[in-house]
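Undergrad: Below you will find the structure I want to go over with you.
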């Protein structure tokens, strides 16, 4: 073998080996964050290269929050998860023991670097004059919201309405039940997911008001037709906190623990917060907050911990089989048949 | 005569191929089904029964099996008609129509579901005219039937087509020469020959429809007790991490589908025997 062929061989093997050595981070997220993380990944890769000189790649996986959590439970090697609700991350922790139960206290702000809230989307000119949650239970108003049994986003909608009713009626649970029951009596279609419900409202033109995450509502207006829809911000709503955490067990095995931690911590940096504001989530950083203030009107926001005692409790009481939501459906059915 | 495993054939390798078949089927079919049953067996009987007999679940069985049955029956009639036209007549564009029949196989079911609801919703191209008569398709049980008919069509057409093609025209000619009317020929000569294929197509269309999820969830509206299909309930259980509950309902569907397929197979066997022994 002559020198030249050795050099070529060495060059070839270096070319083959080098990309495999670049560390690869897998972020398992839910549907509406696709664009947000695409932009954030570029930002972080650049930041990491500047700090350490290391080139990394980041892969993202999107889908319904519940099915994404199940994928991680069943062995998808996520280094970190960024999901729509803490309940799904709790489920991963509980079933895999890949990271501790107190994961939500490991990062600032309940591990939620960005938040959102639930708003009401109505058609141009607001023909049914929807001003607040109360208008959703009026007879003759059709409400579009997905099924809380199959959609994590829909659970936020439901809890937002429940929290409003509690607030209006001095924490009277029976009155809150009746309010939410009347709201669901006005729902003609229960789509299985949030994007399906958006289609029903926008493309099928079904319903008078669409209960949506704020970022989805702004997106619907920006992408699907300016001037065709209006956002109605209710007087009170829920603080939606999509949390993030490192899946320690997976990241450690892949030698990515430091990287995964840095990835999530950098989400709180001013640069990242700006990206977040641009993608219609509510930033938590002061600079971004001020910059995007027009986009996010002031709403009285309550948290799930304050009103429902956390996700586990809310899930058990309201959404699990035999829970309050099931009772509401049965109740409405019997009333309808009378 | 004793049963002989080893038949002398011109083609060797029975042992090897059978071994492969059993292994392959175990991996792809038997193991997943076993896992499903295993999950279910971990449940106490009372829990199992409470899960599968809940009124909401029972209503969904009625819809899933009922709409699948209606869809399969529609396909039985119109699928046979399509196959007949494609085999017996030559017309411009026949090959295109023939290729179109496979579309429900190839198209992602979710895309089909969204397309169907776009057409049949009250604002859709077709829906708005039907709506004028006070009939609503999208978000009703009718919509579920439409979706399940759509996905089942190729099964009947593709099973009947080859049989029809192989049927000797002489049979019909002989029947006509012997003085039978067209209807009698159809009833006593054509239909008995086609019956096994028709039943097979029907059974496959039915079985496919019972498990269908993607195309239905968009058009059904998913209202519990009225337009909620059983597969959606299984997804809802899984979404709550209630794997055993999901497996329990899955097992009931599996058993029901198995019983129905067995029945249809028996029917097919009986009809083949009846018409070949005479």
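Every residue gets a Cβ built from N, Cα and C, even glycine.
This is the feature table in TrEMBL:
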TRANSMEM  B:12-41  transmembrane segment
TRANSMEM  B:61-87  transmembrane segment
DOMAIN    B:61-264  domain 'ABC transmembrane type-1'
TRANSMEM  B:99-121  transmembrane segment
TRANSMEM  B:133-157  transmembrane segment
TRANSMEM  B:189-210  transmembrane segment
TRANSMEM  B:246-270  transmembrane segment
Undergrad: Near the transmembrane segment (B:189-210), which same-chain residues lie under 8 Å Cβ to Cβ, leaving out any that are not at least 6 residues past its ends?
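TA: Distant contacts of the transmembrane segment (B:189-210): 64-65, 67-69, 71-73, 75-76, 79-80, 148, 151-153, 155-160, 162-164, 167, 171-172, 175, 180, 230, 253, 256-257, 260-261, 264-265, 267-268, 271-272, 275.
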Undergrad: May I ask which of the stretches B:61-87, B:133-157, B:246-270 has the most CB pairs under 8 A with the transmembrane segment (B:12-41)?
TA: B:246-270
Undergrad: Would you mind listing the long-range same-chain contacts of the transmembrane segment (B:133-157), meaning Cβ under 8 Å and 6+ residues beyond its ends?
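TA: Contacts with the transmembrane segment (B:133-157): 63, 67-68, 70-72, 74-76, 78-80, 82-83, 86, 101-105, 109, 112-113, 116-117, 120-122, 124, 127, 198, 201-202, 204-206, 208-209, 212, 215-216, 219-221, 223, 226-227, 229.
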Undergrad: So what's near the transmembrane segment (B:246-270) in sequence-distant terms, Cβ-Cβ under 8 Å and 6+ beyond its ends?
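TA: Answer is 33, 36-37, 39-40, 43, 47-48, 51-52, 57, 61, 64-65, 195-196, 199-200, 202-203, 206-207, 210-211, 230, 233-235, 237-238.
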